[in-house]
Amino acid sequence: MKEQEQIELVKAFSDLNGVPGFETEVAKYFEERATPYGKVSRDGIFNSYVDRTENTGKKPVVQIDAHADSVGFIAQAVRPNGLIKFVTLGGWAPTNVPTTRVRVRNKDGQYIKGVVASKPPHFMTDEEKKQVPKIAEMSIDVGSTSRDETINDFKIDTGCPIFPDVECEYYPSTRLFFGKDFDNRVGSAALVDVLDQVHEQDLDVDVAVALSTQEEVGTRGAKVTANKISPDLAIVFEGCPCDDTFEEDWLIQTGLKRGPMLRDMDTSFIANPLFEEYAAKIADEHNIPYTRSVRTGGGVNGAPIQYWNGAPTIVIGIPVRYEHTAYNWASLDDFQHAVELTVEILKDLDADKIASFFG
């Protein structure tokens, strides 16, 4: 895929609306882009699958995963004054939520602009200014003045999904993207790019691609995809949080423009160490920059995929600054290196190498 196509692909995925449980817009776009490369299907929780055209059914199966959903909100109820009480979908820090610009998808499927309301400092006591806000006390304002107006005119009520409202931009001078939902739309875009780069190549493995759903609320979609695909090996793309703006240099394990991150461990997952070292070796051989990480927080789709039948699994993370907020930075170079590493792994893999990861 040419570089300009990669840029437009990432921007397009970023701009799509897809919070947990409401990923169909992302799924449809992914399937449209993936159709030239294989048989496309979708299940009842909106996981999308691509059975690569060149697959034979006689080779080891490598599952390539990314998740379609990103953090957002859902309307819980409409208050008497017309403001919308909401619940988070995915992990938000309460301090990052106020004044976030949002789109509410109403009952007619239309998108209504809104903002997470914030009490002006003019009316706050000194004690209020020191307090951490509580999600349960927050509201979204769509410009309504009453409950009746919100429900009957704006067509917004319980169950309406709510998405961050940010348009993705790309800056050629820095080769950086600024936008929303890079966790994990950069991974979603990477799936398409990998399919493009191995198209019509004769690999020694069959490649099954899955764009899974509901990762941000407990890696739910990947439990289904792993069951359906039953892979012999798995590679998981993830948009991974950068620590390069607050850690000392020696402790930075995920940084912008430092290459993809190979995750050794988080609270849900320990990578197969033999596969992990193999991936690092491939990166070294092809001069692909990367970092390694041991995390004390977070969780990824690698866990349910690996747990399904013990398939050796690794996570290739694309660094994202300020994820789980509405405003993210990501590097085109990191995206390209993550795709390149995955493609080189697929080209090198065979049944004997996969067997070696079992110890």
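Glycine is treated like the rest: Cβ placed from N, Cα and C.
In TrEMBL this protein carries:
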- E215: active site, proton acceptor (ACT_SITE)
- H67, D183, E238: Zn(2+) 1 binding site (BINDING)
- D183, E216, H324: Zn(2+) 2 binding site (BINDING)
Exercise. Indicate the candidate from D183, E216 with the smallest number of other Cβ atoms within 10 Å of its Cβ, considering only these binding-site residues.
Key: E216
Quiz item: Rounded to the nearest angstrom, how far is the Cα of E238 (Zn(2+) 1 binding site) from the Cα of E216 (Zn(2+) 2 binding site)?
Solution: 12
Practice problem: Would you identify the secondary structure of E238 (Zn(2+) 1 binding site) according to DSSP, in three states? | Solution: strand
Quiz prompt | When distances run from the Cα of H324 (Zn(2+) 2 binding site) to each of the recorded positions H67, D183, E215, E238, the nearest one | solution = D183
Quiz item: Where does H324 (Zn(2+) 2 binding site) sit in DSSP terms: helix, strand, or coil?
Solution: coil
Exercise. Count the other Cβ atoms sitting within 10 Å of the Cβ of H324 (Zn(2+) 2 binding site), across every protein chain shown.
Key: 18
Quiz prompt | Assigned element (helix, strand, coil) containing H67 (Zn(2+) 1 binding site), judged by DSSP | solution = strand
Self-check item: Length of the line joining the Cα atoms of E238 (Zn(2+) 1 binding site) and E215 (active site, proton acceptor), in Å
Solution: 10
Quiz item: Which residues does H67 (Zn(2+) 1 binding site) neighbour through Cβ under 8 Å, counting only same-chain ones at least six apart?
Solution: N184, G187, S188, L211, S212, T213, Q214, E215, E216, G221, A222, E238, N301
Self-check item: Chain-mates of D183, E216, H324 with C-beta within 8 Å of site centroid, Zn(2+) 2
Solution: S70, V71, G90, G91, N184, G239, E323
Practice problem: Inside 10 Å of the Cβ of the residue listed as 'active site, proton acceptor', count up the other Cβ atoms and send me the figure. | Solution: 28
